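Taken from Swiss-Prot as is:
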type	residues	note
BINDING	C91, H133, H137	Fe cation binding site
ACT_SITE	E134	active site
Amino acid sequence: MALLNVLIYPDERLKTVAEPVSVFDEELQTFIDNMFETMYHEEGIGLAATQVNVHKRIITIDIEGTKENQIVLINPKILESFGETGIEEGCLSLPGLRGFVPRKETVKVKAQNRQGEEFMLDADGLLAICIQHEIDHLNGIVFADHLSPLKRQRMKEKLLKLQKQIAKNR
């Protein structure tokens with residue numbers, strides 16, 4: 001397995017809308033394994049393929065971080081959503097930054113698993129929030145896009161400053 005490079009906001013490639021997956025081969029299985037490895041290494045609970053510059057509709061999730069309840073959603077679609085909730089969200093593509101994003105409390109998702117078989121998933125709480133966050137990535141949206149223009153600009157400035165510090169220390 002290999003670690004993948006996570007794109008950092010405001011990288012324009014994060015705005016790319018992902019294409020559906022149609023081939024479920026060994027290469028896809030390896031890529032999904034690498035997504036999980038990257039997600040755990042970066043201490044995240046979810047990762048969308050677009051965040052690692054692969055513009056396919058693939059999401060990996062493990063909200064407990066135990067590796068025992070891994071979820072793979074390929075070509076996910078939210079069919080129903082109910083209730084209102086929201087938390088201060090973070091994101092591997094916006095390291096160290098958080099912002100409140102309103103979300104639906106419960107979602108019903110249709111997706112495919114690693115083998116291409118369709119399934120339905122009812123999710124609520126943190127899992128529902130994570131699914132919505134990652135599907136946003138597949139649609140070229142980062143959580144900062146849900147924030148006010150002023151907050152979004154401040155986030156960009158903080159990240160650019162951080163990137164300059166990292167480059168300076170290399």
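Just so it is clear, glycine is given a Cβ too, placed from its N, Cα and C backbone atoms.
The model shown is predicted, which means the values in this text are computed figures rather than measured ones.
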Cβ packing number for H137 (Fe cation binding site), 10 Å threshold: 25
Which same-chain residues, if any, lie at least 6 apart from E134 (active site) yet have Cβ under 8 Å of it: G46, L47, A48, I59, I61, L73
Least Cβ-crowded entry, counting other Cβ within 10 Å, from the binding-site residues listed as C91, H133: H133
Mapped DSSP class for C91 (Fe cation binding site), helix or strand or coil: coil
Where H133 (Fe cation binding site) falls in three-state DSSP terms: helix
Shell list (Fe cation; ref centroid = CB of C91, H133, H137; cutoff 8 A): G46, A48, Q51, E89, L92, S93, E134, D136, V142, F143
